[in-house]
Amino acid sequence: MISLNGSSLLSNTGISTSFSQSRRNVPSSPSIVMVAQSNNNPNRKEKKIGAVSSNGSTTSAAANEIKEIDSKSTIASGGVQDFYGEDQATEDQLVTPWTTSVASGYSLLRDPHHNKGLAFSEKERDAHYLRGLLPPTVVSQDIQVKKMMHNMRQYKVPLQRYMAMMDLQNMNERLFYKVLINNVEELLPVVYTPTVGEACQKYGSIFRRPQGLYISLKEKGKILEVLKNWPEKNIQVIVVTDGERILGLGDLGCQGMGIPVGKLALYTALGGIRPSASLPVTIDVGTNNEALLKDDFYIGLRQKRATGQEYSELLDEFMSAVKQVYGEKVLIQFEDFANHNAFELLAKYRKTHLVFNDDIQGTASVVLAGIVSALKLVGGTLAEHTFLFLGAGEAGTGIAELIALEMSKQTKAPIEETRKKIWLVDSKGLIVKSRKESLQHFKEPWAHDHEPIRNLLDAVKSIKPTVLIGSSGVGQTFTKEVVEAMSSFNEKPVILALSNPTSQSECTAEQAYSWSNGRAIFASGSPFDPVEFNDRVFVSGQANNAYIFPGFGLGLIMSGAIRVHDDMLLAASEALAAEVSQENYDNGLIYPPFSDIRKISAQIAAKVAAKAYELGLATRLPQPLNLVQYAESCMYSPDYRSYR
């Protein structure tokens, strides 16, 4: 007999909580143990209730008899004895939340890890006491997927689709992933960008059931205990945010949890990481968003964001506790931290932990892959092109550094030289040497010799870049004049508007194609519909990090890597670029379709793992002979399992 605790209590539906037999070693049996806890009611005498078998008889003589209790306190409406004190309980009476635990019957239907809904077979319905709890029809998982997509398409508002998918994840985990994998191109914008941005903004009002761990300043000094509250013990990947820079939407505090939840859903759907091996975490140190602090529905700490030593100590405790609980090889992915913290955390922990920042490294890898692909359309080597960035934050500088690294690798030139082919514009204008004393440290390598320039248009006209990259988080900054200027000295200008969500994109696909007279090679961070221009249909690519991080993470996990090396990022970029077919190029695409994403992820995982073995950073020995096949064999399948 157990008392409800942790995630069990949160998932309780009022009848019981369900644990899998494999996790709790509970035999598949109708027998249950009922325990009642006395409370402070002076009219109530102690109750003794024994184990009850399937035929209704008690299993011990001592438990055979339930002592008489005052009739007034045991008779509820309809004459039902109130053994558990539910009708008399008040908020000031302390009651232990006792429950039953058995992976059968009604509780099985409420367990998202094992529920199959109408797909339970006739044999399973008999074996697991489901008769009468389900309609008589048995349907296949494929029919369930078809039904879910039919229902999903009835919603006209993207946020409604998002909520429907989250409800499905909390109700039937395998069906959720089956639906997502089979319809990835349609549902990716629903479970992640751009819809997840709106979901985070409204997270407090749509909050239903908690997902992941919330670690706030209240838990300082107790984070090790908090991690142990999580029911799964074999965690392989953690996505963590502090909510300070959610997409291009700013400080959303605790409501940034939608990002780790969404990222890990993609880790499973696209990269095959088991759901039970992933853990979403939000570090809540407050928020500087006044609107949220005044919002009745806000779910986080109602205080200004902690900084300095208090912030550092909390993160130190978290990183130490994670390593202590889950070991050296757990992957910790930093997500949507503000620039000043993102760079510092990555630099601080990359030598002691297996850490990865998707905004800095993942974005860089996917953009580099797109640029390598674009060269097949525009010609020339990487070193023969000039790059201009609008935005010099973690995404912009991360992309710039990886381009410089790849250029250095190809030409054997020092990275200090290859950086000179890359120019950055921030909110104060072109980054040049005369500004060096006032620059943040991560911008300093990009301060080149040039006269100061205040705006992007003048920078484009002066630098004459062949590739224009937007990572500013500010919408509509690639104006008509900017695109026309790019088109005036480039036959095929490469224009990448990467900021998310859609409202923050530097320009739309339609604007890029029409303003360049159909000559632009365009990709964006958020998806855009096909564009018809001059009797042609242009389908733009999406430089989505989801191409990279699921396969990248799988490669680290399957090789048992203990650190992330920049060469692994280059390997991931090369693997992704290699997946673009001639047919894709003929359609102007510089990224492959997401419909093949699991195969792409396996290729990326194999290249990343191979690099880990080459660098001596892998611990799973010996190295598999065929890493692609091994990656595919490691992938989680959402198909239903048959139950004994």
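Cβ from N, Cα, C; glycine included.
What TrEMBL says about this one:
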REGION    36-57  region 'Disordered'
DOMAIN    169-350  domain 'Malic enzyme N-terminal'
ACT_SITE  Tyr192  active site, proton donor
BINDING   Arg245, Asn500, Asn544  (S)-malate binding site
BINDING   Glu335, Asp336, Asp359  divalent metal cation binding site
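In sequence order, Thr241, Asp242, Gly243, Glu244, Arg245, Ile246, Leu247, Gly256, Ile259, Asp359 are the residues near Asp336 (divalent metal cation binding site), counting only same-chain partners six or more apart with C-beta under 8 A. Proximity of Glu335 (divalent metal cation binding site) to non-local residues of its own chain (separation of 6 or more, Cβ distance below 8 Å) is seen for Val239, Val240, Thr241, Ile259, Pro260, Lys263, Asn357, Asp358, Asp359, given in sequence order.
Same-chain residues with CB within 8 A of the center of the Glu335, Asp336, Asp359 CB atoms, the divalent metal cation site residues themselves not counted, are Thr241, Arg245, Ile246, Ile259, Phe334, Phe337, Ala342, Asn357, Asp358. The binding residues for (S)-malate are recorded as Arg245, Asn500, Asn544; their greatest pairwise CA distance is 18 Å. Within the same chain, the residues at least 6 positions away from Asn500 ((S)-malate binding site) whose Cβ sits under 8 Å from its Cβ are Thr193, Pro194, Gly197, Leu247, Gly248, Gly525, Ser526, listed in sequence order. Here the Cα atom of Asn544 ((S)-malate binding site) is found 10 Å from that of the residue listed as 'active site, proton donor'. Using a 10 Å Cβ-Cβ cutoff, Arg245 ((S)-malate binding site) registers 24 neighbours. Taking all protein chains in view, 23 other C-beta atoms sit within 10 angstroms of the C-beta of Asp359 (divalent metal cation binding site). For Asn544 ((S)-malate binding site), the count of additional Cβ atoms within 10 Å of its Cβ stands at 26 [all protein chains shown].
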